[in-house]
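Listed in TrEMBL for this protein:
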DISULFID  84-93  disulfide bond
DISULFID  121-130  disulfide bond
DOMAIN    1-62  domain 'Laminin G'
DOMAIN    58-94  domain 'EGF-like'
DOMAIN    95-131  domain 'EGF-like'
DOMAIN    142-298  domain 'Laminin G'
């Protein structure tokens with residue numbers, strides 16, 4: 001039954017008495033982004049009663065213009081990256097070997113080094129230069145290639161999933177252990193900044209379990225299944241969400257539920273629906289969820 005006083009962030013004012021057991025208190029130097037007590041978020045600036053010598057926090061990395069060849073530098077409080085123009089790639093957009101594009105039939109040429117390039121074939125084409133036509137009736141995803149790109153299908157943005165959705169999926173895994181390790185099955189969301197508050201919906205496999213995550217803008221909700229029964233040839237997933245509450249049913253396992261944190265109830269996504277993988281070479285540009293490292297294999 002103790003009545004506490006104010007919460008001080010950064011340092012305790014000189015005129016405040018501090019219990020001797022606390023020892024010497026020094027002021028914090030740095031940037032504080034989120035402050036949460038139990039499940040309640042405290043809005044640091046709006047709810048502050050008073051303060052002193054507090055400035056705005058800026059990340060100066062992009063002020064140094066690190067990106068080459070017309071790349072655009074983007075940063076948040078934790079990360080930075082270069083968004084490269086076409087025909088350039090690399091951490092600093094420093095590689096360009098696609099000036100004389102060898103790829104055919106609408107394939108995308110990506111430079112991998114100063115001397116090497118790779119052709120990423122569009123849907124319905126295969127081969128080193130994407131010259132072979134193939135008729136696809138049931139898509140087979142090969143996961144992430146040796147260059148770090150995933151195979152994927154991009155569908156139009158799915159309408160009317162703001163407050164409610166249901167997905168049913170049947171799939172067969174490739175016959176190798178890597179298909180169960182860290183693989184993205186599908187994703188849609190607010191891509192680009194990688195912020196904690198970016199809305200997204202994501203399904204994948206990690207360590208032999210199905211992982212289902214979504215963020216409505218106020219925190220990530222995640223459901224992890226039991227390990228898949230590998231004696232089954234075909235696996236069936238049924239998942240959904242109604243407002244904050246989500247559920248996941250995998251094969252014959254029991255239904256699992258979760259409720260997303262915070263007060264927001266709507267999923268606001270603007271991207272296409274990516275199946276099997278993702279368009280970008282760098283998955284860290286995705287919103288901060290599980291961030292699966294590889295594409296689906298199966």
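In case you wondered, yes, glycine gets a Cβ from its N, Cα and C as well.
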DSSP residue counts for the domain 'Laminin G' (1-62), split into helix, strand and coil: 5 helix, 4 strand, 53 coil
Integer mean pLDDT for the domain 'Laminin G' (1-62): 80
Rounded to the nearest Å - Cα separation of residue 130 (disulfide bond) and residue 84 (disulfide bond): 23
Pairwise Cα distance for residue 121 (disulfide bond)/residue 84 (disulfide bond) [Å, integer]: 20
Residue 93 (disulfide bond), number of other Cβ atoms within 10 Å: 22
For the disulfide-bonded residues 84, 121, the one whose C-beta sees the most other C-beta atoms within 10 angstroms: 84
Cβ neighbour count (within 10 Å, all chains shown) around residue 130 (disulfide bond): 21
